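Here is what Swiss-Prot records for this protein:
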type: TRANSMEM; residues: 12-32; note: transmembrane segment
type: TRANSMEM; residues: 36-56; note: transmembrane segment
type: TRANSMEM; residues: 85-105; note: transmembrane segment
type: TRANSMEM; residues: 118-138; note: transmembrane segment
type: TRANSMEM; residues: 148-168; note: transmembrane segment
type: TRANSMEM; residues: 184-204; note: transmembrane segment
Amino acid sequence: MFEHYLSLFVKAVFVENMALAFFLGMCTFLAVSKKISSAIGLGIAVVVVLTITVPVNNLILTYLLSEGALTWTGLEGASNIDLSFLGLLSYIGVIAALVQILEMFLDKFVPALYNALGVFLPLITVNCAILGASLFMVERSYDFGESVIYGAGAGVGWALAITALAGIREKLKYSDVPASLQGLGITFITVGLMSLGFMSFSGIQL
């Protein structure tokens, strides 16, 4: 069991990295990766959100939305009820609620990070990496334990990628980059090279 969870975690971090394998969450990934401090802060926020939302959405799917999930209520005909069509709406609602709570927490206790992240903190709500993790969980039929590990791994992988990109971009400020590639141009090339590097993990077998 431990080996299975370890394999799932490593796979989520390196082999199926949300940012560098699936290119999810690119908006905030590119916008907040100019400074390492901001990148780490947003990365931690994404880890927290993913670690909580994926298993919570798993519980919602298991006990409310999937066909026959409402049998525990004892209602007549509950075994035939299928609310899975509400999945997308439910997942987004959970993500939005958690991000709102996180935003209030940072505003109260870590105002410097809250101001540094600015508009990109509430944008975590529509970060497709967050929703994508929940949809992958559904597609792959993960149980609750696997959902916790996968959510944490996906968050750590995204945080690792944005922190690494931020470190490279800080170094690029002191490099002689051609004028036509300055800004997002060289950033896209950097992300592509990082993605190629992470592809080398695809052969890992645990």
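Note: Cβ is positioned from N, Cα and C throughout, glycine not excepted.
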Report summary line: Comparing 12-32, 85-105, 118-138 for Cβ pairs under 8 Å with the transmembrane segment (184-204), the winner is 12-32
Report summary line: Under 8 Å Cβ-Cβ from the transmembrane segment (148-168), and at least six residues away from its ends along the same chain, one finds 5, 8-14, 16-20, 25, 28-29, 32-36, 38-40, 42-44, 46-55, 129, 133, 136-137, 142, 187, 190-191, 194, 198
Query raised in the report: the transmembrane segment (85-105): which same-chain residues, six or more beyond its ends, come within Cβ distance under 8 Å?
Result: 45, 48-49, 52-53, 56-57, 60-61, 64-65, 114, 121-122, 124-125, 130-131, 134-135, 138
